[in-house]
Amino acid sequence: MASNENDNGHDRKETIKAISDDGYEETKERSRVTVDDPDATLVEHLDDLRGMLIKSAVVFVFFFLLIFLTIQYWFPYLSKGHDLIVRGPFEVIRFYIRTAGALGIGLSLPFICRFLWQFMRPGLVEKETQFLKAYFPLMFILFLGGLSFGYFVVHPISYYFLIQMGEQNFEVLVTADEYMAFLLISTMPMGLIFQLPVIVLFLHHIELLDAQLMKKVRKYVYFGLLVVTALIAPPDFFTHLITVSPMIVLYEISIYIVMIRERRAAKKAAKKEKAAKAAK
């Protein structure tokens with residue numbers, strides 16, 4: 001055993017000496033050969049991930065600074081008609097930073113999704129790639145539609161309801177920071193909820209969901225939508241009805257679209273089967 005260990009140690013020294021005698025260029029070439037393919041692939045993926053994160057960070061910083069430096073010009077229009085206060089100089093800075101950060105993320109989201117798509121695309125199968133490429137514009141439109149619905153419908157109804165309820169017993173003073181936080185809470189979730197049709201279509205595209213199953217779980221989906229509505233809207237029936245109605249409509253539209261896709265797929269399959277029989 002001792003002689004074997006000495007032999008191994010001797011071989012290791014000779015290898016090191018041989019590499020050092022060959023010079024830098026040959027050493028570099030040899031080290032490149034010894035790296036196996038999986039490690040090289042991992043390094044390439046990590047490098048691509050780093051590039052994606054850097055580009056995303058640059059875009060976010062750009063929008064953050066843009067909003068931070070211009071907030072004094074456009075915020076008065078956003079808060080028009082609301083008497084807002086701040087409770088000290090530090091709260092002003094905190095409000096600017098939080099607002100610029102939240103809106104910076106929102107404005108950066110399309111670019112970040114694009115960078116993420118470029119990073120993930122090589123690892124996706126052709127079926128998934130075709131779906132995401134075709135439906136990405138729809139995702140963006142639905143997100144903007146959800147934000148608009150939240151801003152013009154959910155936010156004013158929720159805000160005025162809560163203010164009026166508070167004024168019955170208190171003098172309500174709303175800070176700028178609280179107002180912006182409430183505005184984001186009542187708009188951003190709606191943008192995400194409006195992605196429901198795309199999520200349903202994607203699950204159907206990869207054959208995890210069909211129209212029959214969607215009809216079967218319809219009541220559970222409606223209950224989940226009501227729970228989400230209760231979290232972002234005032235606790236009165238009228239507001240819940242207004243808020244949950246577009247979500248239910250989107251789900252029903254999703255079922256209808258899935259049914260159409262299934263009928264088309266069935267017709268194509270029937271035509272192929274008929275052509276195959278005719279060829280025989």
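The backbone N, Cα and C atoms fix where each Cβ goes, and this holds for glycine too.
Features reported for this protein in TrEMBL:
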REGION    1-32  region 'Disordered'
COMPBIAS  7-32  compositional bias 'Basic and acidic residues'
TRANSMEM  57-75  transmembrane segment
TRANSMEM  95-117  transmembrane segment
TRANSMEM  138-161  transmembrane segment
TRANSMEM  181-205  transmembrane segment
TRANSMEM  217-234  transmembrane segment
TRANSMEM  240-259  transmembrane segment
Do the transmembrane segment (138-161) and the transmembrane segment (240-259) share at least 3 Cβ pairs closer than 8 Å, excluding pairs fewer than 6 residues apart in sequence?
yes
Within-chain partners of the transmembrane segment (217-234) [C-beta distance under 8 Å, separation at least 6 from its ends]:
154, 157-158, 161-162, 165, 185-186, 189-190, 193, 240, 243-244, 247-248, 251, 255
